[in-house]
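Notes follow once the structure below has been shown.
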Amino acid sequence: MNKIRKFFRGSGRVLAFIFAASVIWLLFDMAALRLSFSEINAGLLKEDIIRREHTGFRVEPDQVKVLYTSIRGMGLPRNGAWGKENFRKAENHELKVEENMDQVQRKGKMQNLLGRRKAVPLWHLAHLQTLPVTIPMQKTQGRDSKPEVSSQYMMSKWMTVLESEKTPFTASRGVPLTKIAGRTETFDKKQEAPQNYNVSSDTSKQASERTLNMTISVKTDRSKQKSQTVTKLRMHFASPPILKSEEVTVIKKAEAQSKDLKHEALKALPLLKFIADMGHLKNQSTNETQLGRLPEDDAAKVAPGKKLNFSESHVVIITKEEELKTDTKEVPNSKTQTVFPKLLGGSPHKQIPRNQSKTSSSPPALKKAVSQSKPTISGGLHTARSNLTAKAPTVGYQQSHANIPENPGMHHVFRIDVTLSPRDLNAPGQFGRPVVVPPEKKKEAEQRWKEGNFNVYLSDLIPVDRAIEDTRPAGCAEQLVHNDLPTTSIIMCFVDEVWSALLRSVHSVLNRSPPHLIKEILLVDDFSTKEYLKADLDKYMSQFPKVRILRLKERHGLIRARLAGAQNATGDVLTFLDSHVECNVGWLEPLLERVYLNRKKVACPVIEVINDKDMSYMTVDNFQRGVFTWPMNFGWKTIPPDVVAKNGIKETDIIRCPVMAGGLFSIDKSYFYELGTYDPGLDVWGGENMELSFKVWMCGGEIEIIPCSRVGHIFRNDNPYSFPKDRMKTVERNLVRVAEVWLDDYRELFYGHGDHLIDQGLDVGNLTQQRELRKKLKCKSFKWYLDNVFPDLKAPVVRASGVLINMALGKCVSIENITVTLEDCDGSSQLQQFNYTWVRLIKHGEWCVAPIPEKGSLTLYHCDNRNNRLKWLHKSASAFHPELVDHIVFENYQQLLCMEGNFSQKTLKLAACNPMELQQKWKFEKYYEV
């Protein structure tokens, strides 16, 4: 003790204090250095994530594009990411991140499914048929067949290309970009091989719809009674997540731990290729799984014989007493700032504020990238891991959207084609190829034609989720859309639709649409009589939580069925589709983008052709727009090549459309109700596209065709649907109703091309409400529509005008009191000005030239379009009496009578028509053509 004390005497005491102080200083310095490194790492993490946001989370060229997959046949669907059962399973797998990582380290079986492996080279869907991939043929399933879920189903739900910020690489047709050789892995008997994969998705209302969740369960030998979870992936569609400090630490730690175990874990997985666009992972990989089937005990869990409990929200019965309301007060007006792009294809790069419910979007700038919050168990973004030996539920991170910036950011249109199981590359009609009916089946095909007025036999042979070629113009994939696009309700109305055609329509929407944008799919059954569209359809669609069926208790027709769907829709945008369509890749976002930029825009896809005879998918010519000819017959008209060249119009440019086809379009729900929806006085079908088109354009809206949105449609020469009344009379009645409300003075032009419409005296119902609605909306005139929207439509108000000259005498018809006389021609005299109208009246103001057949003379009478005693044939008589083309003929008498001039007496009279009599030939000063 004395020896120690001497060190603290005198100078030794000073040295001791200096030593102690040095040690303490060193400790503080090391602590400060550690804190500094932590701050630097956090800063680098923030910069890296912000940089990725600015660069759009681009997929590098060496990263993967994937093989599309699908089911074949029409059996009950597998319980995929859209399935109800798997939607619920995510809630049962909750465990903290630390526990998950400890199990990874303990078992030594961890693998980063999206880790750093060599990527498969890019390839294109159009070249699938050239790839040497062997997939076992599947037996065509009927509506009541037992579904067989293959083992590869677990991953194939997400074998899709999510090109959020990467231009798709496309080679010339027929030239594959790469060869993908299929192989089958075999498991070691000592190794625990995965037997079953079940895909499930989180349906929590708080979960972000901007992302996609996939939970993969690996079930081992039943004797061991172990359920193992491989991974849970969160595919990001837009902005990066907010990573918390503890989460970042655990992720990086797990990556390091799994790096050495990757090779061993890979042996347990057979062949399968997929990709996910992970914002915080720099590399992507392929995972491999074996093609096979579920064991019988697992397959039985999804057998169609299982009793299904249909919720009240799945099937809604609408009775006759439930009146279809169209009160605009039901949907509040959207108080938003409307911006009209200056150019037709205006740049969508500006942020347009929108006061409506939006899909959640991750903020691009991370103000709290390193937070102290603990990780939570919810559908979030994390690295994909696999634990093949222990029951380890997946984990994620709850994103906070409290501080969403004003500019939500943009991304490239997603190229999504999600399917439930691998596609049979050799299936009939795959990739939109034509199919030929075998000779021995031609009679059966002919007999079934009447079921849908197209080749129903071939439709049933073709997979309900077949692949079709991406027919979008080059450059569409490079276009940007906003991250916070509005949600949409898909409304499909049908009556006695062909089973396979209806299923193919629904599958194409589910497979090729970003799920976070689909609020629901409403199938409105307009009182179908087919048995398979009742319980069988309910059973099939119950597999998809977002599909609801509305059943009308009596036949209402397409128009009122759509109104029923609109009333039950909850999405921000209504997207109407026919029930025999196939949506192509990238079809939805371009439509919603236009509505997002301007809520008064009605966006229509390019409607391509599904051949009714061989079911082939065919593209159409570019630069087409919807138009009409008199009397309001819809048709397609191509923009002339010289106009395209002169104005430098590109294939991707948006086209203003005077009239939409009416079957396929997206419209803001609140705006739809502001316009008064469809005219509820229209019956069944026909004319509704004209009515809504005129209403949109004349009341402040716009209709556009979006070339980057493509939807195939089965065009039929006739439809098989029954009408409560005569079909033609129903359509004509609707058109007359539209003309009386919207055409103003031009309705005579409409009647002139269908003069029988006046003669029939159709009861169009009460028009007061529709006319008052037009005044309330302060809609423009039809002349404005012709001048500004459809200027190339020839629409003269009258057929001929000016002075009426007798070709033999050179004298003109004139008015004197209430009589008609012949005078010297004076073009400046108002008494000699006449109009020959489209309803064949010779008008002078409110007076019309009227014959008195019994006396053989003429007089003036108040004009009445319905009075056949005032109608004359001129020029148009050439169809029946070509020799009387220059005569003015009165045909509503026992014999043909013609107007004849007598200059000596300055009178006009009626005489029997004589083609050789020059005094019976007349001409107006000016004629108009259409």
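Backbone N, Cα and C define each Cβ position, glycine as well.
Positions annotated as transmembrane segment by Swiss-Prot: 13-35.
Look at Swiss-Prot and you will find 193-209 (among others) tagged as compositional bias 'Polar residues'.
Residues annotated as phosphoserine in Swiss-Prot, with similarity to another entry given as evidence: SER285.
Annotation source Swiss-Prot lists compositional bias 'Polar residues' at 353-363 (among others).
Taken from Swiss-Prot, the feature substrate binding site applies to ASP526, ARG555, SER579, TRP685, ARG716, TYR721, supported by similarity to another entry. Around ARG716 (substrate binding site), taking its Cβ as the centre, 12 other Cβ atoms fall within 10 Å, counting all chains.
There are 19 other Cβ atoms within 10 Å of the Cβ belonging to TRP685 (substrate binding site). SER579 (substrate binding site): 21 other CB atoms within 10 A of its CB, across all protein chains. In terms of local Cβ density within 10 Å, ASP526 ranks first among the binding-site residues ASP526, ARG555.
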